[in-house]
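These notes are about the structure you will find just below.
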Amino acid sequence: MDEELKCPVCGSLFRDPIILPCSHNICLACARNIIVQTPEGESTHCRASRSSDYDYLDMDKMSMYSETDSGYGSYTPCLKSPNGVRVFPPAPIHRNCSITCPLCHRSVSLEERGLRGFPRNRLLEAIISRYQQSRSETVKCQLCVRNLAEATVKCEQCDVFYCAPCQQRCHPSRGPLAKHRLVPLSQAATGGSQQQAAHKLATCTEHDLENYSMYCVNCKTPVCYQCLEEGKHAMHDVKALGAMWKQHKGQLSQALNGVSEKAKDAKEFLVQLKNLLQQIQENGVEFEACLVAQCDALIDALNRQKAKLLTKVTKEREYKLKVVRDQITHCTVKLRQTTGLMEYCLEVLKENDPSGFLQISHALVKQVQLSQEQWVKGALEPKVCPEFDLSLNSEPLLQSIHQLDFIQVKYPFTVPPAPVLQLEECGTRNNSATLAWKILTFTQSPIEGYVLELDDGNGGQYREVYVGKEILCTVDGLHFNSSYNARVKAYNSSGAGPYSKTVVLKTSDVAWFTFDPSSSHRDIVLSNENQAVSCSSYDDRVVLGTAAFSKGVHYWELTIDRYDNHPDPAFGVARINVIKDMMLGKDDKAWAMYVDNNRSWFMHNNSHTNRAEGGIMKGSTVGILLDLNQHTLSFYINKQQHGPVAFENLDGVYVPAVSLNRNVQVTLLTGLEVPKNYKL
């Protein structure tokens, strides 16, 4: 309990502790040092950082302690008259002074009694005294401010320890203090004085001569009879001091029982943690030994394999050496024979006997020819090469060594609980839905991820739209004017947990979209927050919208902002992979109407159909009506349907599309209702 017995200001054990209104304790000397004098008119809340205008520390050094205040209390500066007689002026009035608690920073104004208006914590003093005895600590002087000197004497009446200088200055053995008994510290009967102090009745802070006898429940403080008679606590609920003492002791004991249980649990938990430390240490040593053994086994296996490979290399080398040695021996014999035959023939050629030469010449010619035939092609080539036709492929093994790592042992856990969808964070925008969820109940089972499922917008089967660890997901590309049911579940190694409650999300009734800069041709120029489009090329270029449709009825318009030199812009729908460097409708990925200032045509896969009179100019509007319920595409010019239904049997996913060149600029208008004259 060391920290409970230390002053929050000086950090040492409390000396003459007083109780502030906030129930925190502080040394009397420390309280004097943090008093702040507040100028008149300034509130106590704005003066905490101001320094004191009066050096209370120096005043404290001049203090005299009387028998009445028992060595602590108010300070009375000592002055001298001209004849040398000491004069004690009235104690200074603490007007406009306040003190701020160093722990909770609550400020309180001082009354005329100053710090004596705060009760002294005698119980804390007694506990500190017993604590010091149990720790056999050196008793310090209770009046030293900065450097605490060792106490030498104790006044039995004041119950205060003094060092020699403080005893001479603050407790001289003369005057009213002459009757006090100063006992050397070695002979001080601390045990008896503690018992006396414990049995000494506490006096009221307001009335020094009155003992506490009652307890004010409203003010939560002991009071005396005089406090009741003066009327300060007359209307308050006052009870007997002894009864409230027993009641509060019972409350404290009951509260301590709960804390004791928690402390007991904490001690058991600490024992578990310490055992866990030992287990981790032991398991770590065992695991290290196992790892070393496994690595040594791998090294032994590698050494054995190395020995086998070295044996193969040795055999190959011995074989090559034997072949080369045999070839050397054979070639040497044949060379000796050939050389001998050559020398013999040369000697025969030197003879001048024609008849004798002719007798052996025929046989010698055959013999020389046979000798020449022995040196056929390949006879003078080595039968083996010096290189070894062996190659060690160590790459897979090196890769396996580099990938050698621990695997996570998965212990059996229960499945996680059902997540809870956060309705305040779920919502839709256009044809996108955002969902958020979390686990509200505490679980020891780890959560490896979540699975978010949506139905098809028609109450059909659910399908997975997200699997991962995030707890927030936005799903794009949903159908407009559709209601989706969404649910989520968590999973871990033991399996998937239960689903959350289902939430219904409705997408926008009409489509709001812009031109898509990410998929447009590089010659396309977008402006007005991607609502207006033009082109920098004389050739037609295609730009797509950001929305994709696969069901429902959708209508949007394009306003002609600029129309020069009678070009042929095309409007319609396309697949996402449409060719973007030619007019819309020339490939099989687009369905369009191209129009000039006089007439128009429908075009798909470069097939022109249904020529219609009537064109466009600056200020005209072109409307596109895509009805995927009836699988048709129709066009409007200036709010009127232009020609018959352009295309039928449309099925799949379609994106709004436009093709134009530098002579045209159009602005996209979305979020429009279907024309009233159209029959759904």
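Just so you know, glycine gets a Cβ as well, placed from its N, Cα and C.
Among the features that TrEMBL reports, domain 'RING-type' is placed at 7-50. Under the heading domain 'B box-type', TrEMBL lists 136-185, 199-241. Annotation source TrEMBL lists domain 'COS' at 349-407. The domain 'Fibronectin type-III' annotation in TrEMBL covers 416-510. Look at TrEMBL and you will find 492-676 tagged as domain 'B30.2/SPRY'.
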In the domain 'Fibronectin type-III' (416-510), how many residues does DSSP call helix, how many strand, and how many coil?
3 helix, 44 strand, 48 coil
Per DSSP, how many helix, strand and coil residues does the domain 'B box-type' (136-185) have?
11 helix, 11 strand, 28 coil
Would you mind splitting the domain 'COS' (349-407) into helix, strand and coil residue counts from DSSP?
31 helix, 0 strand, 28 coil
Could you break down the residues of the domain 'B box-type' (199-241) into DSSP helix, strand and coil, giving a count for each?
7 helix, 11 strand, 25 coil
